[in-house]
Amino acid sequence: MAAAAVPGRQPFRGQAAVAAAISRQPSRAPWPPLLPHRGPSRPPQAASYYCNKLGFEELAYRGLETGSREVVSHVVRQDKIVFVLSSALNPGNEEMGEHLVKHGDGVKDVAFEVEDCDFIVQKAKERGAVVVKEPWIEEDKHGKVKFAVIQTYGDTTHTLIEKLNYKGLFLPGYHAPLFKDPLLPKLPNGKLNFIDHVVGNQPDLQMVPVADWYQKNLLFHRFWSVDDKQLHTEFSALRSIVVTNYEETIKMPINEPAAGKKKSQIQEYVDYYGGAGVQHIALNTSDIITAITNLKQRGMQFMDVPSSYYQMLRERLKTAKIKVKENIDKLAELKILVDFDEKGYLLQIFTKPVQDRPTLFLEVIQRHNHQGFGAGNFKSLFEAIEFDQDARGNLTVLNPSGETNLL
Ligand SMILES: [Fe+2]
């Protein structure tokens, strides 16, 4: 990962400056996604799910007991990954209620820690971005933090967080968790370290405008990888552009469905989420074999891969310029996917959706000198996803007018 700030660079002036400001803490960026969950009873259950199944621990809490009268939030953390699970406390909370009715559980916000919140908001506003909430300051006895909220795709937002010498546990108003689950220290380590990338699904023909939005408003640029092309199986397809900040520490792939014989998995997501939204969050590990062994022991469910995938992989690796250090039999046993080029490779695996709607899921990824996103695996991954999509009755046939018919 690149250094946080290049010595001698003048921060907050020009393109490099804004990007540097956004990526102040590269290992923590994007930081942290906020996931609203439905109903006042859900956040503790959802927090328990992330802790028990994925190796997170409760970091902080705010709710009635701490003086937060409207919203309850459970913060869970694993190394540098932080998720905030929030819900409305009172009847009639329109913002959170309408979001849940429309989208179900999902990622409402992907937050970035920044160096100069005011500057980024001012520049984004000049370029036409919608500012949901102008910069404001919150404080407690541990110090002050400045926030602002910018609108991105769909109903998703980016919160900008500028810590002004803040020394508290998490953010102002948050307290230590009320309860520490005694089971968690007895479970094997999740081994997940930081957020690698966050993927946004868009409705048809919205990918380019959204990628342009990041380039124009946050001064991101396109991350030229092999993924930036049409990816397809026999039945369905998608297109993807990856945008990144100046220092390339924040990666935001943007997907849209493409025409195929059957409904794209991106379209299935858009149908169930009710528009654009976060499709998956990839969590980076330095030891995917231990991580997945442990997460499977914890009962986390992952996408299956046909065993033929590993027969094909072994053939392809015979003529490859790189050598995969990990035992292929072990990767096959755990159903971990491999993608490679002449310089390096990555290992990845995808979870089943983490809520009832077939929308948000997670990825675990380990990189060995390879900065792609698994384009070589898209076909096998799609086939596995389509197997599940078919089981849900949603692998529908597209007729010439673009409408779908159930098989
Ligand atoms: Fe991914």
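Any Cβ shown, glycine's included, is placed from N, Cα and C.
For the Fe cation site, TrEMBL lists His197, His280; matching the candidates Glu98, Glu113, Glu363 against that entry yields Glu363.
Under the three-state DSSP scheme, His197 (Fe cation binding site) falls in the strand class. There are 23 other Cβ atoms within 10 Å of the Cβ belonging to Glu363 (Fe cation binding site).
Taking Cβ-Cβ distances under 8 Å and a sequence separation of 6 or more, the neighbours of His197 (Fe cation binding site) in its chain are Val242, Lys251, Met252, Pro253, Ile281, Ala282, Phe373. Excluding His197, His280, Glu363, which define the Fe cation site, the same chain contributes Asp196, Val198, Val199, Pro253, Gln279, Ile281, Ala282, Leu283, Phe350, Leu362, Ile365, Phe373 within 8 Å (Cβ to the Cβ centroid), listed in sequence order.
A strand conformation is recorded for Glu363 (Fe cation binding site) in the three-state DSSP classification.
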